[in-house]
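Encoded as structure tokens, here's the structure I'll be asking about.
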Amino acid sequence: MDFATIIEILDSAVRLGTPLLLACLAGLFSERAGIFDIGLEGKMLMAAFFSGAVAAVTGNAWLGLLAGIGGSMSLAMVHGLASITFRGNQLISGVAVNFLASGFTVLIAQSWFQQGGRTPQLSGNGRFEPITLPGAEAVKDVPVIGQIYSNLISGHSILVYVAFAMVPLTWWVLFRTRFGLRLRAVGENPESVDTAGVSVIRLRYTAVAITGALAGLAGTYLATGLAAGFVKEMTAGRGYIALAALIFAKWRPVPALGATMLFGLLEAISNRYPNIDLGVVNLPIQFMQAVPYILTVVILAGFIGKAIPPRAGGQPYVKER
Amino acid sequence: MEKTPKWVDVALIPVLNLLIAFVISGIVVLLIGEDPIKAIKVMVSGALGSPYGWGYTLYYATNFIFTGLAVAVAYHASQFNIGGEGQATLGGLGVALVLLAFPWPHWSIALIAAMIGGALFGAAWAAVPAYLQAKRGSHIVITTIMFNFIGASLLNYMLVNVLRPRGAMDPATARFAKETYLPTFHDLPLIGQFFSKSVPANVSFFIALLACWLVWILIWRTKLGFEIRAFGRSETAARYAGISPVKVIMVAMLISGGLAGLMAINNVMGQGHRLVLNSVEGAGFIGIAVALMGRNHPVGVFLAAILFGFLYQGGGELALETTIPRELITVIQALVILFTGAFDNMLRAPIEHFFVARANAQKEA
Amino acid sequence: MVGAQANEAGRQATAALATQAPAIELKGISKAFGTVQANKDISIRVMPGTIHGIIGENGAGKSTLMSILYGFYKADAGEIWIKGQRTQIPDSQAAISAGIGMVFQHFKLVQNFTVLENIILGAEDGALLRPSLAKARKELKRLAEEYELNVDPDELIEELSVGHQQRVEILKALYRQADILILDEPTGVLTPAEADHLFRILDNLRKEGKTIILITHKLREIMEITDTVSVMRRGQMTATVKTAETSPEQLAELMVGRKVLLNVTKAPAQPGKTVLEVEKLRVVDEDGIERLKGIDLNIRAGEILGIAGVAGNGQSELLEVLGGFAKATGTIRVNGEEIDLTGKHSDGQSRRRRGISHVPEDRHHLGLILDFAAWENMIFGYHNDAAYQKNAFVMDNAGIVQHTQEAMERFDVRPPIPTLPAKSFSGGNQQKIVLAREIERNPTLLLVGQPTRGVDIGAIEFIHKRIVELRDQGAAILLVSVELDEIRSLADRVAVMFDGRIMGHGPVESATQTGMGCLMAGLGGDDVRGMDGWTISDEAAPEETA
Amino acid sequence: EPALIYDLGGKFDKSFNEAAYNGAKKWAEETGGSYKELEMQSEAQREQALRKLAESGANPIVMTGFAFGDTLNTVAPDYPDTKFAIIDMVVDQPNVESIVFTEEQGSYLVGLMAGMASKTGTVGFVGGMDIPLIRKFACGYVQGVKAANPDAKVIQNMTGTTPAAWNDPVKGGEIAKAQISQGADVIYAAAGGTGIGVLQAAADGGILSIGVDSNQNYLHPGQVLTSMLKRVDNAVYDAFKAGADLKPGIKVMSLADDGVGVALDDNNKALVTPEMLTAVDQAKADIISGKVTVHDYMSDDSCPVQ
Ligand SMILES: Nc1ncnc2c1ncn2[C@@H]1O[C@H](COP(=O)(O)OP(=O)(O)OP(=O)(O)O)[C@@H](O)[C@H]1O
Ligand SMILES: Nc1ncnc2c1ncn2[C@@H]1O[C@H](COP(=O)(O)OP(=O)(O)OP(=O)(O)O)[C@@H](O)[C@H]1O
Ligand SMILES: [Mg+2]
Ligand SMILES: [Mg+2]
């Protein structure tokens, strides 16, 4: 395997890891605030559809982005209503959100475009095209550094750079701002926040809304960056992988970057080398596909560093029994 | 809270929630420019209007009874088994392996063996998450989700690389021997004359009914059920009483996984006659809705399974008879889960408030 | 406000104010949780610069009332006046603005945050944390000096002892410049030394002119520190009196609604052979903290051993180990046979088969399953007994209901309806169900924890009578209670626990109030040595060093 | 009333199933008749879908895709009076017409063009689900490429092992990008809906692509070299037209009877050089005359060239 191939695989890993990263950070906000979210998949799917649809109709990817975020946020609000206002079971709500998105996107897509649940093919401004960073062309032939810069770092869609920027931003918000302090507190012990005179409900809704926005970015990237339009079930389990990455990263932003890129890399490798022959064993593609889930179970089992979720996670905040 | 009559909890609230889900589904149908009334008509006549429709409705219901019971049993032990999908998938593998392994002389013998195979494989797929929950406190919801995906990959591997007959293109096993085909409703005495040869409902339906009864006995009549319920209601009290949490979680999840795996006698052995990818078709997830609606009671599970069987079959007909895509069913299903599950308190709180106020008023008087 | 003069001035100012308006005035507060009327038409006034005590049985509604004052719950009816002003307190933010701070019975701290982070939570100065943290650090230092409230600002809460956590809670309130401080049962979790320290702090705060409401179950504390005291019973305020003008006896009577019988009439014990022998019993909990540090004790047939001590000194763990749901090292013998402490037979079922019955301290979380019907609760823990099975497969539900009906009648459970869920019974009747279940087995050894907590006086007498009856039938009984009076009136012998050890044990007759009090604090001075027939542990520190 | 069942890729996959749809549409427009159609949602519902249509009296019932083979084999005998047609699979039943195509021939032709159009000497192939049928495409393609340039390298990838491989444009795009980075400058996608992602990635990467089944030249005008036409539309049209008189047995649609071919239209006019045209015409004539035989992978499950 030569250097160019490695760069190419890493490049692919970045592209495939980006939706996971955005979705993972999305989940991070919600779960850090004590709202479990297994509905990331649904929110991404909804965003993928609305961004694809609006971008197709208007020919403007930015409008698509807005619509995608809107679609994802509306599901986030359903989840918020269920988990915060009605104090329902967050897991059940997540399951419902996934189904809702899965059915609703196809239903609407079919009604709007009559293309069997897909949106028209996007082109030109309807997509977030790759951006060539300044100087990338110039240094293309400089060995190693130049190759890394022009082939790996440059040449992604704007949403990829947004996703990467979200990592330090998320860290900063979470650990360096008042909002972050309160958000973490509400996921650990909502009573502490409530008795400190801060509204648990408002905090949690804000968190859920941020989750919606980030999951919206993730879905939009799928439909308008990675692909050129929406097809049904195009998230293909990425929401669950993002959830796995979140656990893998123990609900922390920087490890989330590592986990999602690892899972992106696994996908990139299995794209290029469907069967990996290790000499002793031949790893079939199905194994490669299952690796993120297997790793997550191992982490959950606590054999390699235990993943402890936010203490109040999954429980509705109920003052009166 | 105990002042609210029981019928409110088991009947009124679920029915109202269901109504809301249906009304919103109707609005969705309107939104996509179709006629909801017509949609209902098509669904009702397609699913319930003929023996053909019933044959399919009951076939689907059979699947949902198994997965619904699976969710319910685990729920009584306060375990949210979201892995019914994976367990049923593996159950299918178990059934297929059993049926392909031997030249079974008669369906009845094959059925018993297949039941053991399906249940064992389903239980095995629940065992790891159960063990991790019991021993290491790993959140069972997340591990069972992960196991759904791992199970799908495993089945994919088995079908593509191991079980696919030579020269065949689709990832599926060979057909089972004719001797192992389960009698369908058409083949049964008395009712056979009403059903055509093509209906898939088969003797598994009666096994599902039996499973309902056995689950009822288990939960409400046996020592084990007592321990499961006690643990489910109060883990600390169960420990005080000397009930082993590990035992209860393991046993409940193994039974749950086994029930989900048993579903395969219906869809794989009874209908498909071979194992294909995704033969479970989301029944594992529907089991959650079924258990929620059925309030985790076998009778409720049975009724809810019939309802979802109706939705499933009716939805299939919709796709055929109208331009409404079959995904409408997914939406209805989502809304039912949402309203009977996650939004349950929306109606419950005001209704209970009403009854509490009434109780207080009576107390005053 | 540094310096004695300023202090003096402040006190005078508040004293002047005291003659004008109460710091707090509640008028007609009512609150219901579902069908439970937790507070009913409650009115009280508290003057500034005073400490006001509130006492009442468990469930009387004390915490609820204070939570309403703090905006944590919303009252169904009533008015709140702060410093002479009608004040709406819809949420805690409003309470904080009105200068109210509260230390809850169950602390509201974020376990994996530092002290500093907990302090500023909700009281940050701006959108960024850094300046707030710096300011809080400085302020904390000042407060620590002023009120002897030392805590390491960078320590995680989960690393702190309970006493220190409580200091953080107080600091939280002071940081928010509270001049009205509510403390809900602050000493329940403290060692006597910590409690004394707390009272010194409270005294300092009072001198500063702050108003304090102190909820406690301990009459001693009320008498020691409060200026005025209110008594609550069943959601109502039954009396408010000046502390100086009342006595513990009067308060106790007000609390339970009638004269308290301090003694149970019982015949002298007729101890038989030794039933329970415990040697070198040690328990280490999940966090690695040693909860029992080598317990030795024994109980003979026909006697009641009372375990006294401040809650949290290992009594609960002792019961849990004996009852079979906590692991331990050491030896336990029942009727000479050693009991499995860690292996396959170390569970509650095996203990029950050996004739050990257990009435747990916490009936809601351990003793009962509130959603289960009375008949199910009546066999809970004994459900595997052959007597309750119809055949190899199913249980004899009808038979169990019948049996329950009879037991309920014998134990005067009201209403005697076996199919009613446990949660529909009142606390006293719930406790009777648990007792019926455990006592009806005729155990050789009965473990009882807090048998009359939150139970009304009529039921208390009944329960005490049944326990003594059981003793007279020859059972060995281990009684754990935080109520010294209960220990005194029921037990034949007393052992005092402190910090996971038995500090001393001896006959109840020679136990003096002060002597036991010293042992409960881990002290072993002259008061203790003077008790006839008592064996005192070497661990008990001579009084002077404390 | 005839009926058409689409496979999992869905009616509008812009490829295989869409070709079938176009055939049915053409028939409906010409005859003014109406037909029933059904899209498969899941593997397990094949049988119900077939039976449903058969029960409803539809005749003939046409289905696209080999995956129906096994199911049809059990269902067809139950409805002896109904005629079935299955595309891409041979089902030996008295009331079934099995329609198969000589995809290796069409793929040979586009391979020829790819080999000529490639400047790097490296071309790519992206298949859908890894099954003999798709290897047949690949093998024909490689033979064509080598005929034009014996030194050319062909990078081959399959998208997956399950039917989901027909409908994963994101993965298709990633595979195409990988091939581009390995030097491929023409990529042939035989992957149903997944191919859309391949064509997109090729267009984004500034290289040429080759579509499949339907004429996909229009998707990226000037960037799709050509499309390997598989006249599924004709097959459906013919079956519908035959109606109840559909002739059971195997029907092979080959280059000779325009069953397969290459798409030439305004969209790729500029890309197709006169030399290419000549070569394609020559090869076509040679294949039809038997002078050139293109190896069929499925005849012996192997391919002589790589
Ligand atoms: N959040 C709640 N929801 C429902 N009922 C409650 C709630 N909090 C308290 N109660 C009920 O209100 C009554 C009063 O409870 P409260 O906690 O105020 O008592 P308390 O006097 O503080 O008792 P303790 O001495 O045990 O702390 C009890 O019957 C209790 O069960
Ligand atoms: N946690 C609870 N959940 C639901 N209802 C409760 C709860 N606690 C108490 N109740 C209800 O409130 C009523 C009064 O309960 P409570 O324990 O205050 O009784 P009580 O008057 O103190 O009686 P007792 O003197 O026997 O303890 C009970 O009959 C019961 O129906
Ligand atoms: Mg209290
Ligand atoms: Mg009470």
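Each Cβ is built from the backbone N, Cα and C atoms, and glycine gets one as well.
Curation plays no part in TrEMBL annotations; they are all automatic predictions.
As listed in TrEMBL for this protein:
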TRANSMEM  B:12-33  transmembrane segment
TRANSMEM  B:53-75  transmembrane segment
TRANSMEM  B:87-104  transmembrane segment
TRANSMEM  B:110-128  transmembrane segment
TRANSMEM  B:140-160  transmembrane segment
TRANSMEM  B:199-219  transmembrane segment
TRANSMEM  B:240-263  transmembrane segment
TRANSMEM  B:275-292  transmembrane segment
TRANSMEM  B:299-316  transmembrane segment
TRANSMEM  B:328-347  transmembrane segment
Counting Cβ pairs under 8 Å that are 6 or more apart in sequence, does the total for the transmembrane segment (B:199-219) and the transmembrane segment (B:240-263) reach three or more?
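Counting Cβ pairs under 8 Å, at least 3, so yes.
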Are the transmembrane segment (B:140-160) and the transmembrane segment (B:299-316) close, by which I mean at least 3 Cβ pairs under 8 Å that are 6+ residues apart in sequence?
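Between the transmembrane segment (B:299-316) and the transmembrane segment (B:140-160), which are separate recorded stretches, there is no contact, as judged by 3 or more close Cβ pairs.
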Cβ pairs under 8 Å only, please: of the recorded stretches B:12-33, B:53-75, B:87-104, B:110-128, B:328-347, which one is richest in them relative to the transmembrane segment (B:275-292)?
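The stretch I would name here is B:53-75.
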Applying the under-8 angstroms CB criterion, which one of B:87-104, B:110-128, B:299-316, B:328-347 scores highest with the transmembrane segment (B:53-75)?
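By the under-8 Å Cβ criterion, the transmembrane segment (B:53-75) pairs most with B:299-316.
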Return yes if the transmembrane segment (B:12-33) and the transmembrane segment (B:328-347) have at least 3 CB pairs under 8 Å (sequence gap of 6 or more), otherwise no.
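The answer is yes, given that the two segments have at least 3 Cβ pairs within the 8 Å cut-off.
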Same chain only, please: residues at least 6 beyond the ends of the transmembrane segment (B:87-104) with a C-beta under 8 Å from a C-beta of the stretch. Say none if there are none.
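Apart from its flanks, the transmembrane segment (B:87-104) reaches 63, 66-67, 70, 81, 110, 113-114, 116-126, 148, 151-152, 154-155, 158, 163, 173-174, 176-177, 179-180, 256-257, 260-265, 267-269, 274-275, 279-280, 283-284.
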